[in-house]
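In what follows, a structure is listed as structure tokens, so that the remarks can point back to it.
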Amino acid sequence: MPKEFADEYQPLLIKETKDKKRHKFPNKSLLLAACAACIGGTFQCGYNISIINAPTTHVQNFINQTWRERYQTDISADVLTLLWSTVVSIFTIGGLLGVTVGGTLSVKLGRKGTLLANNIFALMAALLMGLSYPTGLFELLIIGRLLIGIYAGIGLCVQPQYLGEIAPTAFRGAMGMGTSIFITGGILTGQVIGLKELLGKEEHWPILLSTTCIPALLQLLILPWFPESPRYLLIDKGDDEGCKKALKQLHGISGCDGEWADIEKEKNYLVDFQAKKPWELLTDRSVRRQLLTVLLLNAAQQLNGINAIYFYADYLFRQSGIPADKISYVTIGTGACECITALTCDASPVFPYMSMVCVFAFILSFGLGPGGVTNILTTELFTQTARPAAYIVAGSLNWLSFFFIGLVFPFIVIGLQQYCFLVFLAVCSLMAIYIFLFVPETKNKTFVEIQNEFQSRKARSADGAGTTL
């Protein structure tokens, strides 16, 4: 740049540098709002996935005792297994029911309002599961697990929307990782609380299952201090003042102007558009590629072997952002392949340790990529009017895939034995190829820019097809 132009624009260059430094870290209020949303959302989901494992024997004894008191005979092993399986797996059915209503509630009540109202399910579930033992009704356990499943389904549908909409463009991916971090933290906390030294003793299991009310109460106390999603306030409700107030609280005075302009641009882009229903989204050709992408990502999130590795690791121990997505699917597939190699070589005592390392690498790579990026991508690939419906459709497939892998994996193990993870290696490899070829980079892009990227790719494909013909 010539010296005279450099001198003229030097103040602007200095200002830009200062702005970049100012936005190096997100606002403290933004981080606290994200934590408040996650503590009663994905944390609860992870907590209730793991908390049911510790009291398995105690709950089965309770069911047997209740059956004997009612019918003066011991329960058969098959019926006991059926009832216990129902207690555990009905959580998944509840999740599917929850995700089907979560998107609609997020439009009617708002993102924050839905998260707060959702805690009713958690409190009711805690009450019913806590009362099951003193009342002698194991049916209350089943109803409680169903309610907490509905809670988890709504939370996993609405929380990523809230995080993606309150986050500035530069930190959207990092904020989305809150989903992965808190669900893992919930699983760990549930395992720790379930230790015999804490609440893992037989007389404490009703209290253990009732502790699900604690995160719900924490969210009810903390989240009301933070604002509703600014995008929901401006685009869905037309509340200019509420949106500006929310942006100032979340991003500070210096950072709210840029976010306001971004939201205003999206609002103008969506003028005369109404919130889509799930069936309208499925028939909308303009978002077909985005919808296909999030459907594949959500299916692969469950079918890449992460749930299977938990089951298989338990068996072994008892016997003895889009770039992140690309990297992690490849790593997961590699981990699965290495795990197979370790499992098939029993000649050396080193291989069991190699197997453990592969399992941990597998879980780590999942958390760094598919576990955290998938949910935030659903936010990024759709605009405000289509986003709730996208979460309903993608979330439903996610929960169905979760149920499917739990149902089918035991048969895969029986059929393929130590080679069972070759199935997941194929899924991961195909998903990595699809992401590399068809999913555009979303880092530091606004929602409108991402939509334009998909539209331009679609136009280029159409032009290419026409030229070929």
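Positions of Cβ are set from backbone N, Cα and C atoms, glycine also.
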Range annotated as transmembrane segment in TrEMBL, from 82-103, 258-279: 82-103
Best-contacting stretch, by C-beta pairs under 8 Å, relative to the transmembrane segment (170-193) and drawn from 30-52, 140-158, 389-413: 30-52
Non-local residues, at least 6 beyond the ends, that sit with Cβ under 8 Å of the transmembrane segment (115-134): 37, 40-41, 44, 62, 98, 105, 109, 140-141, 143-145, 147-148, 150-151, 154-155, 158-159, 162, 205-207, 209-213, 215-217, 219-220, 223-224
